[in-house]
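Pulled from TrEMBL:
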{"type": "DOMAIN", "residues": "64-442", "note": "domain 'Cation/H+ exchanger transmembrane'"}
{"type": "DOMAIN", "residues": "503-622", "note": "domain 'Cation/H(+) antiporter central'"}
{"type": "DOMAIN", "residues": "644-786", "note": "domain 'Cation/H(+) antiporter C-terminal'"}
{"type": "TRANSMEM", "residues": "80-97", "note": "transmembrane segment"}
{"type": "TRANSMEM", "residues": "109-130", "note": "transmembrane segment"}
{"type": "TRANSMEM", "residues": "142-162", "note": "transmembrane segment"}
{"type": "TRANSMEM", "residues": "177-197", "note": "transmembrane segment"}
{"type": "TRANSMEM", "residues": "209-230", "note": "transmembrane segment"}
{"type": "TRANSMEM", "residues": "242-260", "note": "transmembrane segment"}
{"type": "TRANSMEM", "residues": "281-305", "note": "transmembrane segment"}
{"type": "TRANSMEM", "residues": "360-381", "note": "transmembrane segment"}
{"type": "TRANSMEM", "residues": "393-411", "note": "transmembrane segment"}
{"type": "TRANSMEM", "residues": "423-442", "note": "transmembrane segment"}
Amino acid sequence: MTYNSSSYTTGMDRTARSEEVCLKFPPKVISPGLAALLVQKDKLGKLMDYSGPRLHFQMVVIFVLTQIIHSLLKLLGLPLFISQILAGILMSPVIFSDEHSLVTISEDSVAVLGSVGALGFMFFMFLSGVKMDLRLTWKSGKLAIAIGLFPVLVSLIFWLMTVKTLHPGGNVFSNKIFHLAVTYSGTSFPVIHSLLSELKILNSELGRLGLSAALIGDMVTLVLTMFSIWVNTGIQKGSKDVLFDVGMAMLYVCILVFVLRPGMKWMVKRTPEAGQIKDTCFYIIILAFMISPRFTALFRVYFLYGPFIFGLAVPDGPPLGSALVEKLDPVVSGLFMPIFATTCGMRFDLSYFKYSTKYAYHQAVGAVVTLIIKFGVSLLLPLLCKMPTRDSFALAFIMISKGIVEIGSYSIMNDSRIISEDIFAHLTIVIIIVASVVPIAVKKLYDPSKKYLCFQKRTVMNSRFNQELRMIGCVHVPGNVNSIINLLNASCPTRECPISLDVLHLVKLSGQATPLFIAHHNQQKASSNKSYSDNVVVAFKQFERDNLGAVSVNFFTAVSPSNLMYEDTCNLAMDRLTSFIILPFHRRWYSDGSIESEDQTLRSLNFDILERAPCSVGILVEGRRNIKGSNSKDTLSPSNSSSYAIAVIFLGGEDDREALALAKRFSQDESVSLTVIHVKAVDSLEFFLAEDERMLDKEMLKDIKESVPLTYIEEHVKDGPETSTFLRSIVKDYQLIIVGRRYRSEDAITLGLEEWCEFREIGIIGDLLSSSDFFGNFSLLIVQQQRKRN
């Protein structure tokens with residue numbers, strides 16, 4: 001079947017052409033199989049006549065090409081989005097001619113591949129709305145509101161002035177050009193969120209400011225887009241139609257806010273606490289989303305924003321928002337969006353530059369001018385607020401970032417004949433350049449870890465003895481609460497040696513895009529209906545009352561991605577002038593040596609904090625449970641004994657000296673019995689230690705012996721196995737053992753043990769004591785002194 005169709009370019013100069021397209025009816029979907037095709041010639045070509053095998057083949061080619069390109073470009077710091085676009089360009093007629101249409105875009109293949117990609121983009125917009133929390137717009141600071149609002153408006157005004165200058169007689173509101181202008185100057189929250197996530201600065205100070213500004217900017221862009229559509233409608237049809245469209249759009253929003261959102265909240269209330277949303281509720285929401293494009297057409301809402309606005313109405317976070325994101329996001333981001341980005345690249349054709357109209361060049365100039373003005377305004381505002389120059393430049397680059405949302409919008413405009421192919425080609429080049437330059441520039445300008453390079457010593461050794469010791473206790477699961485409380489009870493805090501404890505509850509970000517950091521003591525009431533840390537607060541409040549005057553407790557909750565939680569911990573340590581951070585070990589055991597629980601993401605977090613912390617760090621390994629599955633109390637619990645037996649295993653070095661200083665703070669109470677076990681190499685092997693280290697060790701031991709009543713044990717060993725045998729014979733007599741991490745400090749005392757070390761984050765001796773070979777219900781604290789950094 002053949003038919004003629006005309007296509008045209010939108011602008012001041014229009015050229016018409018005719019195309020002859022051949023379509024086969026009925027369409028071939030499922031092939032009869034390879035066996036049936038073996039008897040035919042050109043077997044692969046015959047197989048590719050069927051849309052099903054062709055779609056599968058195209059998906060494989062997209063995946064392989066994207067991964068090959070990204071493996072090369074990621075060395076330059078370019079995002080995956082660029083690799084997907086370039087894969088599409090390679091699959092376009094730029095490389096393959098139309099007769100080699102196994103992988104290239106063609107009239108019949110785009111009907112399938114393009115539809116799959118478009119469906120993925122609709123899901124992406126829906127999930128972007130689900131992740132956004134509009135309540136944060138009211139809590140954004142003045143700077144975030146200004147950066148979100150003024151760059152969009154000012155750059156839009158300059159674009160209008162530029163177009164008016166280039167075309168004095170043109171109408172900037174005609175032919176939907178104003179709608180195109182909004183996409184130039186607008187801000188996309190999903191694009192900026194993706195950029196910050198890829199750069200791993202999502203919950204840094206700059207990342208939080210950028211997200212807040214992007215949230216404001218995205219809402220402004222949404223309003224301007226709807227306004228541009230209404231203006232175009234008014235020009236074409238009249239004011240009555242505009243009023244009707246506005247009224248229908250408002251009705252759509254009201255239905256979502258006052259009907260569907262309360263219904264979804266009712267579903268959430270019927271979900272048990274810490275339970276999963278029912279599958280029926282999940283399917284109802286997916287069904288509502290699938291039919292939302294039809295309702296957007298009915299209510300005169302721009303079809304791209306229909307699913308997005310519907311997603312905004314879904315309650316974010318657990319249980320509903322997180323369930324939608326956890327179930328849909330892997331498929332959307334891993335399968336559908338790469339296909340959509342690649343199909344956008346497949347629309348790109350360099351040949352259109354040969355026939356570019358003057359109007360297309362003017363549009364490209366307008367886009368560049370808009371970016372420059374937006375960058376300048378985004379740079380000026382933070383500079384006026386005394387933000388550091390490098391951070392201001394980084395923020396300005398973040399605010400002009402372009403990505404999948406913009407190129408998706410241009411692709412839809414191209415398909416709808418709102419813009420011509422040559423305009424689309426120019427804008428695609430602009431997006432590729434901006435999306436490539438921005439991440440490299442931001443990474444070069446902004447390094448959040450630099451602020452942890454403090455010159456001030458923040459260690460237990462350097463803390464004044466008669467002043468409070470500032471500590472942070474990190475909590476992930478309820479079991480961590482009892483572990484930290486039991487450790488602090490074992491330290492027997494007194495009014496003379498008080499402890500200031502900041503409890504940081506770390507919660508994985510799920511179903512939301514924006515990280516949260518809640519300081520509970522600064523809140524009159526909860527910032528939302530979510531009670532992330534109620535049980536944690538109650539437990540530590542009771543601990544504070546039990547140690548009135550000796551312990552002061554403050555509570556913080558950080559909701560952020562697991563791989564970025566170290567930012568919240570280190571930032572809090574910087575702000576609170578902390579000297580010591582307590583981290584829970586990632587593994588817990590039963591008394592028979594079997595593993596009770598294990599969390600590898602927690603282990604990665606511990607590594608990140610050990611590497612970046614601006615103070616000393618301790619990893620707490622809990623004692624083994626006496627009865628499997630029982631609720632028996634820890635040996636450090638005050639009810640178990642009227643005295644506490646604490647041992648410090650001292651081998652030498654800065655970490656061991658820090659462990660000894662901490663034990664000195666713990667042993668001020670009469671109920672604490674401190675034993676220092678000094679393991680030394682035999683005289684012939686003393687050369688393993690540097691002379692200055694030996695002098696510092698002797699001075700530290702001398703000071704401890706003079707100021708604290710203790711039991712001192714000295715043992716000479718010749719190698720690691722002898723050290724292991726000696727420690728195995730004595731550890732069962734103590735309830736808490738404190739050791740230094742001594743990472744990369746193998747000497748004669750530990751010779752031969754490093755190759756058996758399973759957990760490097762707790763050092764050779766810590767790993768040895770936590771192994772199943774060491775029987776005893778003791779807890780273990782591994783200490784690392786604040787690292788010196790250049």
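Cβ coordinates come from backbone N, Cα and C, glycine included.
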Are there 3 or more C-beta pairs under 8 Å linking the transmembrane segment (281-305) with the transmembrane segment (177-197), counting only pairs at least 6 apart in sequence?
-> no
Residue list, the transmembrane segment (281-305) vs rest of chain: Cβ under 8 Å, 6 or more residues beyond ends.
-> 122-123, 125-126, 222, 225-226, 229, 244-245, 248-249, 251-252, 260, 264, 267, 311, 314, 320, 323-324, 327, 409, 412
Within-chain partners of the transmembrane segment (360-381) [C-beta distance under 8 Å, separation at least 6 from its ends] | 9, 11, 143, 146-147, 150-152, 154-156, 158-159, 162-163, 166-167, 180-181, 184-185, 392-393, 395-397, 399-400, 419-420, 422-423, 426-427, 429-430, 434
Can you tell me how the residues of the domain 'Cation/H(+) antiporter C-terminal' (644-786) break down into helix, strand and coil by DSSP?
-> 66 helix, 35 strand, 42 coil
So are the transmembrane segment (209-230) and the transmembrane segment (109-130) touching or not, going by 3+ C-beta pairs under 8 A with a sequence gap of 6 or more?
-> no
Tally the residues of the domain 'Cation/H(+) antiporter central' (503-622) by DSSP class, grouping H, G and I as helix, E and B as strand, and everything else as coil.
-> 43 helix, 39 strand, 38 coil
Residues of the parent chain within Cβ reach of the transmembrane segment (423-442), under 8 Å, 6 or more residues beyond its termini = 9-11, 76-79, 81-82, 85, 195, 198-199, 201, 344-345, 347-350, 352-353, 356, 359-361, 363-364, 367-368, 371, 393-394, 397-398, 400-403, 406-407, 410-411, 413-414
The domain 'Cation/H(+) antiporter C-terminal' (644-786) [mean pLDDT, rounded to integer] = 83
Restricting to the same chain and to residues at least six past its boundaries, which positions have a Cβ under 8 Å from a Cβ of the transmembrane segment (242-260)?
-> 226, 229-231, 233-234, 288, 295-296, 298-301, 306, 309-310, 312-313
